[in-house]
Structure formats: structure tokens, C-alpha cells
Amino acid sequence: ADNRRPIWNLGHMVNAVKQIPTFLNDGANAIEADITFKGAVPTYSYHGTPCDFGRDCIRWEYFDVFLRTLREYTTPGNSKYREKFILFVLDLKTGSLNNHEVRKAGENVAKGLLENYWNNGNNGGRAYVVLSLPDIAHYEFIRTFKEVLKTAGHENLLDKVGYDLSGPYWPSLPSLDSVHEAFKKAGVDGHVWLSDGLTNWAKLGDMARLKEIIKSRDSENGFISKVYYWSVDKYSTTRTALDVGVDGIMTNYPYVIIDVLNENGYKDKYRLATYDDNPWETFKN
């Protein structure tokens, strides 16, 4: 058996459809997009300024068009299909929404995915989806999201969905206990991705938070399935992140991650994740 740790190589800030093949060609097996809301309505895949150094911050697409395009790349038999493209993270920009809007936003994102990505359950895209929310107080987004799929008779699609509650970042990050509490309130057991990171222009810290999350993931009663780190553009940082034990690395340069995964000392311990790797299972070696 192959007992190397599977790694998700996440293309960062992929918001225009033209960028999707570029990142996949560079070796990404997953992408992250920023979903911007007008009120409770997910409207664009768009980040805006400021963003990572060396990147165009204002590339965008309409949310429904973006999802339909993702579907093409992840539906076997489609001319655009890429077998290695196995997961995407929706970085949901719900920071300015009130509680009522957060609940509505959960419904709207579920409806959008159901119609435009899963094709109402009729041979839709097969990739796994991680819904990433910026505030643990927004756990009700997850509840209403799940409710919509259940009511529509597509509860099975929740097998493909994971969740990340990573903030707020200001004034200080929530404790892992309060993060766990929020997941319980959301009714989420398993299917948990947690992220930690810095913009690529920030000085690399001591990774204390990252190490704490990884320790929690690997503990006896850990609630975290996978841990990913962002945004990593350097060979040295990639090696450090892998050494610490991450499952995913979000990067502006996916080929850097591929290069490191092929290096001596790394290729015998890590490999690029494939569709057969369950993103909701904690890796045990």
C-alpha cells in the first residue's frame, strides 16, 4: 500500500474562467475562488484589492458562469474534463453580512451549486467542495446550506461537501475549542478543513497556529480532517509546511509544490492527492 501523505495543491485566487486551465496546467489538483456577495446573493468570483503580491486582484466572473465552467472541468466525458482536478474551495466573503443575510446566503450558495455545478443531481461535476467562511459566528450558513439540499432531495451531495470556519482574524483568532463549538452548532461532524496562513508579502511567522491545528487534527479525539496553509510561493516554505504535516498548500505557483513533491526526501513521504483520496479522512501513517 502507498502510505505517503496525499497533498492537495490548491491554486490560489482563481476567479476568472481563463485562469482555471492555467492553474491546472501548472500542476494544481484543486483551486480556490473568492465568492463576493451583494447582500445575501453570491454574485461574482472576485477578490479585489489588495491581494497577493504579483497577482492581478480584479479578475472576475459571474458566480453561476464560474460554477458551470467548474462543472465542465470536473465532469467525465466533457471535452474540458481534467481527471486530476478533484476539489475546489469557495472562499465565501460573508464578512459584512448580518445574521439574516448569512442564513439566506447559505440557501443561495446551495441553490447555485445544485443548479450550476451539480446540474440538479444529473451527472454534475464530481469534485469535492470546501465551503470556507471567515467567521465562526457564521455557522448558520452551513445549516441552511444543508437544509436546501435535504429539502431538494439531494442530501447525498453533502457527501461531497466540507467546511472551513477560520476566523475572524481580528482582533485575534478564535481558540480551536470555540471553532469546534461552532462546527457542533453547524451540525458538522467530520468533513472539516481548517486553514491558517498569511498573504505572500507577510513575513513568515513561527507557524505556531498551524502546528497547533495539526496537533489537534492528529489527537485522539481530533475534529479536523485536513489542514491547509496559504499562500505558499517559495520552495523553502513548501518544504517547511510539508515537514510540519499539512495536507494542503494554497499557492500562486502550483508548479513549485509539484517540484518539491518530486524531490528526494519528499517523494517517498508525500504525493499529489487523487480523486480516490477521501478529503474528509484524517491521514494516518
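Every residue gets a Cβ built from N, Cα and C, even glycine.
The structure displayed is predicted, hence computed values, not measured ones.
Mg(2+) binds GLU32, ASP34 as Swiss-Prot records it, and from the list ASP2, ASP91, ASP135 the residue named for this site is ASP91. The most densely surrounded of the active-site residues HIS12, HIS47, judged by C-beta neighbours within 10 angstroms, is HIS12. For the pair CYS57 (disulfide bond) and HIS47 (active site, nucleophile), the Cα-Cα distance reads 6 Å.
Most other Cβ atoms within 10 A: among the disulfide-bonded residues CYS51, CYS57, that distinction falls to CYS51. A sphere of 10 angstroms centred on the C-beta of ASP34 (Mg(2+) binding site) encloses 23 other C-beta atoms.
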